[in-house]
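Trainee: This is the structure I want to talk about, given as structure tokens.
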Amino acid sequence: MSPLHTPLHPRRRGVAAAACVAATALVLTACSDDGETGGGADDPIVVGISLPLTGDFSEPGKGVQRGYEAWAEFINEDGGLLGRQVELKILDDQSSADRVVQDYEALIAQDEVDLVFGPFSTRLVVPSARVAEEYGMLYVEPAGAANEVFEQGFENLFYAAPAVADDHYNYLAEQILAMPDGERPQTVAVASMDDPFAQGTAYGLRDKLAEGGLDVVVDEVYPPNTTDFSSIAAKIDDSGADMVIGGTQYQDAVNLIVALQQLDYQPQLAAFSTAPTNPEFADAIGDKTEGILSPTGYTETASWPSNVDFVKRYTELHGNPPGEDEANAYTTGQVVAAAVEAVGCAEQGECQQQLIDWLRENEVDTVVGPLTWDETGKPQGAHLIQQYVDGEIQIVLPKDAQEAELIHPKPKW
Amino acid sequence: MTGTLLFQSLVLGVLLGGLYALLAAGLTLYFGVMRVVMIAHSAFLILAAYLAWFFHQQTGMDPMLSLVITVPLFFAVGVGMQRLLITRLRPATITMMSVLLTFAVALFIEGMIGFVWGGTQRRIQLPYSGDSVSFFGAQIAVVKLIAFGLAALSLAGLYLLLKHSRFGQALRATIQHREAAQLIGIHTNRVAGFGFGIGLATAAVGGTALSLDATIYPSLHWHWIGPLMAIIVVGGLGSIPGAAIAAMILGIGQSLLQVPLGTTWAQTIFYVALFATLMLRPQGFFGGRLAQRF
Amino acid sequence: MLNASDARPAPGTSGRAPDDRAVAAGRPWGRIVRVAALVVGVALVLAFPTMVPNAYILSAGIVVVSYACTATAWNFMGGFTGYVSLGHAAFFGLGAYGTGLLIRDVGLSSFVAWIVAGALVLLVTIPVGIAALRVRGASFVIVSIAFVLILLLVFQAWGSFTGGSDGLVVPRPFPDLLRPEHHQVFFYLFAALLAVMLVVWWAIDRSRFGTGLKAIREDEDKAQALGIPTRNYKLVAYVVSATFTGLAGGMYALWFGDLDPIFQFSIMLGSYMVLMALLGGVRHLFGPALGALIVGSGLEYFKLEFGDTQLHLVATALLLGLVVLFMPDGIIPAVRALLKRFGPEDSSIREVTAAELLERNRTASHDAPSRDTASTTAAATAPATPTTRQEDGR
């Protein structure tokens, strides 16, 4: 871990200033900002980040944190950015939109960070992107994949992953629709968390299948804090759908699958977003994973030059290869670093607009492959489809990246 | 909607109603003995579930064995809470202030759970988590059946205790008319303390039952306290049979409504019932004289 | 901060706080000090945006002022009538969402939408108030919490109308302003809203209506017996309180811009209001605002210092517990009592709460049983004899 990196004790000055507010307005003048100003050749480049380290999104949030930390560490080992060391300033937003705005406000206005990276989850990306925009900061984010993010008219936002949520299942949809009549599932049951990302993935697939002539027989939405899935599972079971699609994060997928198992519901195809790529997933559902499908934007075995290096160094550091969250965070770092190196500056003000303009025009090589963006910041790519085959999660689609054959129909769970 | 689905929902409703009944019985008991609305009841429920999870995590043994520890522990905490906190409040303002005090206790528990075990969701994975038995075409998960069994046994035990023991008589006398109970020589103070302890013990049993088949996280208790409070108002504040009956009816109602309305809207049944009760029969549908003026 | 309203002798309102006025009349310099304190306080609030080192501190200041607004609004009900509502966040959320939805769906301009949303909250509150006020004490609290929970469910589930869990984006009223300027404008808007609330509270405090409400707080049955239309009085107080809370919520929506059901309809927000008001002192004009200053800055501090843990919940819990157990009347009376010890003994009549009176009588009577037994008396005889039924009022 970099010696400069201080994730747990952020903004002493902020605390001092807040304490001043607490004490009385009278002493506020004593709290005036006498702190650092960036720009000196030897000063570190400070990157401000707010992540959900507690609350609903804390599992993926910690993954993103590991990815950012790995990026900063590797880049510092390689001599830094523009010859300056990189320092991360990570705050916890408790998965709360109120908090994330306050955090970015503090990072930009009070701590005067040189760059900002995005937080996790679409719900937190939109409010914080607005803060960044109003301060004119470049805003590259690792996790706001839902369409909604790109409909807000942000001019400073770039999503550092291959595809937006709606397109995650594109390869799977093509594959299913190309199946011969006898094999192709006829009915689909959909259950999704009321969350822009989760719904984006599930509804992208649902709509493509519905257009292709499949019947959507169950279409359920549940709020993020749902823990009892027995009635949703009962409905899916009762419909006898051939295929089940779960627009899920992590725990809800586990609960839904266990509830379906309790009812002994056996679909031909089962696709869930996010959860199956989590290393603890297999344990959590009692190792009955065989045949479960999931989209992913990242595979550790991809042969992109920077990925080989990233996987090797990350594995040396942590003892296990990076997952999707880590890779997306690392990608964010790579995208910003590419812009910074090309433009030759990293500070607030004019520089940020130059970085934004550069990214609009150029392609960046990352661990998830080369990325380009349209004018809304949407990446122009597609996700891979993974499936549990022989107890391992492996790439099954598209054909040219395949590690194993797609199993259909899925074995019993 | 098919007949099977309806029957399946009905069975799920009964199983859920059993757990509601046990927890609501505890909540209404506090009100009976002390005129206290115990907001922290469901926080203790979640705490017990966390303790069961932690016990399973550490020892690898069945989480139900944690009852041996949590039930006496919670009983003692309940007695202590009544003695050390509730009785300190000014009698004239006890109803309002006890709400705030127990609210503070709930927040404290939530914060400490998050501090000690983190904010992530937890779930116990048992060898029989995915198993189920077939019952006239409905599939009933084994874990839900065990949870219901625990709740039903405890409720039956509570009933026997209240109806057929000297202590139970004293407790009921205290609930019905505290002053009169004192006049005939009942130590109402001690009885009230024990009443609190029993209430909290129901939370320990309920929490363990809950942990078998549910995901738990620190702020989950807010999702329980709302329905439970609605149940005890509908049942009549202070009336244990009323709470149990209302819990069963509303639990089944919620489960059946989930089929046409979805999970979120189905939950509103508790609040609709609460508002309807207040407009039509503020003393509750099963409560006696006691509930009338509260 | 001192209670400036208490400084002025007010003949004609014989029912209220005679001790303050007697003190003020006896010591004219007391009034001067209070007016001076008020002027300095106002000046500090007005100068705050120009004194802050950066926009972040200013935004923290806005949060504190918005807390002060909500706590003061809560106090119209909690302070005057003694009915503790833990569910005022419901009105905050309704005001916020009402404002946002009126802008989005009806196309009203920002501040018109804000006023209309306030009016809508007022209309919604009337039936809710009638239902909630059919009962006293415990049930009222239960209803107040249930109302927040039901609205949370509805706003989460009714996604097509409210935006559901995706949240709702409220357009900026001043799109041309830079962020720091935007903060400045809203700081003054919140401060103005707070000033309006304080003036209204002050006016009610001095009115017959206010006297009636306070009579309800001390003993609802006696108040009724004296001919006070308690139900209507409580309803009006409840509606005023809810409407102001709704206006604070709407203002927050215009300032913050992103609404999410979980954070707008949060029990925590409602509990902060209660904590702030109790801590400052519910019987005093500036009590809730003082509580908001302490709790609001404390929360901000705790979230910064211990942000990656749940310790701010524990801290809130401990503070609430301590206030309830040891300082239920708040800081202002506690400090006054302390000052009074060093000052000359004042001989005038004091305002005494029914609770204190009961306590005093009990300790005075020599064969007084334990405090628990006395509570029994009050509770057990409650339905029969109205005179011992104070507990329901608070």
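Using N, Cα and C of the backbone, Cβ positions are placed for all residues, glycine too.
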Trainee: Pick from C:210-228, C:286-304: which stretch is listed in TrEMBL under transmembrane segment?
Mentor: C:286-304
Trainee: Quick one: do the transmembrane segment (C:83-103) and the transmembrane segment (C:185-204) reach 3+ CB pairs under 8 Å, ignoring pairs fewer than 6 apart in sequence?
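Mentor: Contact between the transmembrane segment (C:83-103) and the transmembrane segment (C:185-204): absent.
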Trainee: Report the listed stretch (C:31-49, C:55-76, C:109-133, C:140-158, C:286-304) having the maximum count of Cβ pairs within less than 8 Å of the transmembrane segment (C:235-256).
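Mentor: Against the transmembrane segment (C:235-256), the leading stretch is C:109-133.
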Trainee: How about the transmembrane segment (C:286-304) and the transmembrane segment (C:109-133): do they have 3 or more C-beta pairs under 8 A, pairs 6 or more apart in sequence?
Mentor: no
Trainee: With pairs 6 or more apart in sequence, are the transmembrane segment (C:109-133) and the transmembrane segment (C:140-158) linked by at least 3 Cβ pairs under 8 Å?
Mentor: yes
Trainee: Any residues 6+ beyond the ends of the transmembrane segment (C:140-158) with a Cβ under 8 Å from its own?
Mentor: 83-90, 93-94, 97, 128, 131-133, 164-165, 261-262, 264-267, 270
